[in-house]
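The following features are taken from Swiss-Prot:
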type	residues	note
ACT_SITE	Asp68	active site, proton acceptor
BINDING	Thr8, Thr9, Asn10, Glu11, Asn12, Lys13, Ser69, Phe155, Gly156, Tyr157, Asp158, Lys177, His182, Arg183	substrate binding site
BINDING	Asp68	Mg(2+) binding site
Amino acid sequence: MKTLFFATTNENKINEVKNILDIPNLNLIVPQNFNIKETGKTFKENSLLKAKALFEILNNNQNVFGEDSGLCIEALNLEPGIYSKRYDTYKLCKKLSTNEKNQLILDLMKNEKNRKAYFICNISYISKNGQILNFEGIIKGKIALSLNDKKNYGFGYDSIFLTKNNKKLSDLTLEEKNKISHRGIAFLKFKKFLLKSLFNS
């Protein structure tokens, strides 16, 4: 049994990652009360920040990884970007619900013809011997004109992001989403690496 620590407390991310990293004899552990300020200026810096913090907490001798991801919109100068999770407080200095955050984006995009956007996911892995590796995934699409008004899957900005097939990410099941999403792409690369490095397969 191999052990791998994930530097997050985001339940939605945990569920997606567990679905992708479905490797026999891999024990994926998520720390409790893990809270690190994301002070990096890029997704890569933030994912490494989380991984390094957890690596130190675990006395520098466990395999760990951190992940940072977000939505980048061309017409908004690639915002919300690294502020995706906290775009409400960054933009309005107050907390909003997920639907309200999505509506904020739609309001900002109201008169924009260019609706191109992409989701990006960056993974930073630190092996127990201190080796650092990085994995990245991107899905390109566009911002929808309205919110989903039906019961849907997904979380965050999934309900306003249209894929190239003109489907919202929130219309896809977890399995369908993981086949094409930024997180799915990045973690599939990571999974291949883990199978080779930890399990020699």
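Note: Cβ is positioned from N, Cα and C throughout, glycine not excepted.
All features noted in Swiss-Prot, drawn onto the structure.
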{"residue": "Thr8", "record": "substrate binding site", "DSSP (3 states)": "coil"}
{"residue": "Asp68", "record": "active site, proton acceptor", "DSSP (3 states)": "strand"}
{"residue": "Gly156", "record": "substrate binding site", "DSSP (3 states)": "coil"}
{"residue": "His182", "record": "substrate binding site", "DSSP (3 states)": "helix"}
Largest tally of Cβ atoms lying within 10 Å of a Cβ, found at which of the binding-site residues Thr8, Asn10, Asn12, Ser69: Ser69
Which listed residue (Asp68, Asp158) has most other Cβ within 10 Å, given these are recorded positions: Asp68
Proximal but sequence-remote residues of the same chain as Gly156 (substrate binding site) (Cβ under 8 Å, at least 6 apart): Asn12, Leu71, Ser84, Lys85, Thr98
The residue listed as 'active site, proton acceptor' and Asp158 (substrate binding site), Cα-Cα, nearest whole angstrom: 16
Max pairwise CA distance, angstrom, over record-listed substrate binders Thr8, Thr9, Asn10, Glu11, Asn12, Lys13, Ser69, Phe155, Gly156, Tyr157, Asp158, Lys177, His182, Arg183: 21
For His182 (substrate binding site), nearby residues of its own chain (Cβ under 8 Å, 6 or more apart in sequence): Ser69, Tyr118, Phe119, Ile120, Cys121, Gly137, Ile138, Ile139
Distance [Cα-Cα, Å, rounded] between the residue listed as 'active site, proton acceptor' and Thr8 (substrate binding site): 9
